[in-house]
């Protein structure tokens, strides 16, 4: 018997001296010991939160790989299709562009001359009918502002062919027009305060009116990365040469990137969608639109960084301009209105200081003031895009005006916080993601109808 | 003079009684008051963390929209290309499939008969040379296990045409083979414990050896959603009919979904890649591979849910099987080895109980035990895929064996925690995301070479 036992033990490799339980090889170890529920069943039945964060990484990998696939597909279909030689800008456009670029800032000088004349005249003629004089100088400023926009608009409409040149000139004139407006409005109030001995903000003490009308002060405002005139700005202590060089590098690299993406990826999509728009095959156009959306959002983001981060910071560093909040974290916006408030701070600051709050002071409500601000912004958008592409088709205007209902729809979501903000953020991104390429497509189509048919 | 002042005041709408500062319209309100840094500059210079969570929503929107585009593109190119009538399974395959399905479980019955004979013989012949008997019964079990796999393999290789039928039969035979193995190994140890009066786990008290060899116990193990034999399992109290119905609905809906995705999206990609593989245009094949990857990962995930959540839970509910941890949260795995440990718990439990730990007890190191486990798994994978597609090309085997270096490479990342785990998780997903479709493509190609040339 003991012999048998030994043999059995040895056959299952049970050394005699070992603890008998450990000596078995574990084939009878109970592995199903407890009642357990599958994670997905549990989450479904008790509403407990599933930890799915790993799928986020999968989503990113899918996104990267599917875009990588599009790169390969694009290369196989088009090779490298970049016009290395030129952007196709006619020589005349360059010539007119240079004249305009030199001409536009003159309106700022004109505003300065009007203001100098105004204070000189009002000081000398204190006893004559100055009300009319105030109105006359206001009218002169208004004519100057209008001329700043109107001249460039007419030149671009009738003499500039290339949309890129047109866009640059129009953006330049809009910026200068807003600067002139701010300069005129601010100095008008400073003049009133000066003549009536009203107090002005502490910050402006070092350059009291009318000493702020000096030429150097004007030049500073001309180049400062702001649309809002102040006699005095907060300044940074010095110019960091490494920062300047980094900004310049960023501008060069990102501009090249934008050019490459536009030429290599966006242009073929736009070109291939023209026949589809002609034959009204809207399902195919929608497919093109979705394909364009990924490129255009990346180009837009790179454009945002190049302008609002690199260029404006470069300018600020060189001008020792202190307040560099050119944008806030608009990408986290829980509503469309928050986006518009955060993404373009210089423009937003201008609108608030010179349109929104003055309208409120005149008794307009918040909603009508907002509508007016968006309308002005919509007109400027249509002006830039519509004139530069020689097609005032109103799409940019309508797109901007649609921001008002979108803002109203997403504002309550943002106030809900948590998932509400996420939904609001998604609505903002979706409208942005699809709205941008739709605008591009329609203006490109209108351009083609005009010039290539 | 006072007249002039009044007129000036009225021209800028300054009511006399008002606080003079408030009465101006705010055009000189200082808006640039502080020195501020742009968020992106700040993050770059001080390494402070940028809050970019909004871009995550953009990533999801881009992913959804780009896949939506692929749906539109697919519809425009292929219409609805689903073979509604049949899956193309020959009638002979169905007949052979049914015979095999009935035959395979008989090996479990055989194992039971061998075990019954063993204990009867050993009890009666206590005084004869039982060492040889133990070896003989072990050999009988081994032959039975081998036969379970081998018979199905030969039948599928030589008589079954359709890969779907072949796969189902082979998976069935692998499952039964593992069940038979576990049944044999566990009962062998229970037998040894019984004959030597060694203690057995508390849980098994209610069904002591050899009463656990009863037919009802065998049938329960046959249908229980586990590969590991225990005389007693933890049980759930009752069968919830709503849960059963939900599982059945899930199985139907998800199976239809998998069928639709495979026929509508995966098949055209596979078909179009065959000529490219023939002409060895690897850049184009890579493009096809990336396109296939998105479909195959979704099909795989749906397949995972249908098998490991719906089917196994359905079976568990009907059998009142308590331990339903058929998977853990493998999607968050920080390393490849963690994935293999978590995703398929029944298989993992089998390997640990019957191969890994017994090997360790016999003095093998952790690494060599792991290598052996992966090798067995690799052989089984190649068996199922290679025989079902009639092409033992070794790709599935190699893919599984590559999991060993991938596991070794990602294990230190997981132990770093934080970003390390994220990188490990991404490596796991990427190898999965690209490895799956590569395998599918190669077996599909081999199949086409064999049957359509």
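Note that Cβ sites are derived from N, Cα and C of the backbone, with glycine treated the same way.
Please treat TrEMBL annotations as automatic predictions, because they have not gone through curation.
Checking the ranges A:95-117, A:164-186, A:187-209 against TrEMBL, the transmembrane segment annotation falls on A:164-186. Range annotated as transmembrane segment by TrEMBL, chosen from A:134-158, A:234-258, A:259-283, A:334-358: A:134-158.
Long-range Cβ contacts of the transmembrane segment (A:134-158) within its own chain (Cβ-Cβ under 8 Å, at least 6 residues beyond either end) map to 96, 100, 103-104, 107, 110-111, 114-115, 117-118, 121-122, 165-166, 169-170, 172-174, 176-177, 180-181, 184, 188, 383, 387-388, 390. Over all protein chains present, the Cβ of residue A:381 (active site) has 19 other Cβ atoms lying within 10 Å. Tertiary proximity for the transmembrane segment (A:292-316) is limited to same-chain residues at least six positions away from its ends with a CB under 8 Å from its CB atoms, namely 67, 70, 223-225, 236, 243-244, 247-248, 250-251, 254-255, 257-258, 261-262, 265-266, 269-270, 273, 322, 324, 326-327, 343-344, 346, 432-434, 436-437, 440-441.
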